[in-house]
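Taken from TrEMBL, the feature domain 'Casparian strip membrane protein' covers 24-175. Residues or ranges marked as transmembrane segment in TrEMBL: 26-48, 79-102, 114-137, 166-184.
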Amino acid sequence: MASEGLEKPEVVGVEQVEVTTRSNDWIIPILRLLAFFAMLSATLVMALNKQKKTLVVATVGTTPIQVTLTAKFQHTPAFVFFVIVNAGGSLHNLLMLIVNFMGHKFDYKGLRPLAIAVLDMMNVAFVSGGASAAAFMGQLGRDGNSHARWNKICDKFDSFCDRGSGAMLASFIGLGLMIIINIISINKLRNHKLVNSSMVP
């Protein structure tokens, strides 16, 4: 009876680990796919964001002097950084999806889950910086800054600002999904460590 009592916890523990692993196997790939599309759409919308507008800057007699101005994402370093980090974030998620389905062959001493969690955390940091910088510039473009005498531009380039806002929203959605993925990955690492420590005699 003593031997039976020792065998049962081991069997139950293995079954619990297998059930948990199977139930969570589909969550991260789906979240990654959603994050990939969110960051890719943010990249494309901002990279293609452009608006031309003809403004009257002065009047000589009865003749208005007009100037055609173009608003592009390239004119603002924060928006350029936004495009770069979101493109990198979408590429990261695409590569991690490939690793998720094919990376078992290239796992080195079980370090693959740890490497993925670290790369995810770096991705969150980069995308967070890019999205925050773009949001700051967007707010400045919408409201201006009377103390620094910076005029707002969204009253003149409304389509440019609307598309930029949509790109930022998509980026923040992708960022939120990446944070959830990171939490799940770290939790998996913790559970993996607990299982390995319980198996050590």
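In case you wondered, yes, glycine gets a Cβ from its N, Cα and C as well.
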Residue numbers, six or more beyond the limits of the transmembrane segment (79-102), whose CB comes under 8 Å of its CB atoms: 28-29, 32-33, 35-36, 39-40, 42-43, 46-47, 49, 73, 112, 116, 119-120, 123, 126-127, 129-131, 133-134, 137, 164, 167-168, 171, 174, 178
Residues from the same chain, set at least six apart from the ends of the transmembrane segment (26-48), whose C-beta lies under 8 A from its own: 73, 79, 82-83, 86-87, 89-90, 93-94, 96-97, 100-101, 127, 134, 163-164, 166-168, 170-171, 173-174, 177-178, 180-181, 184-185
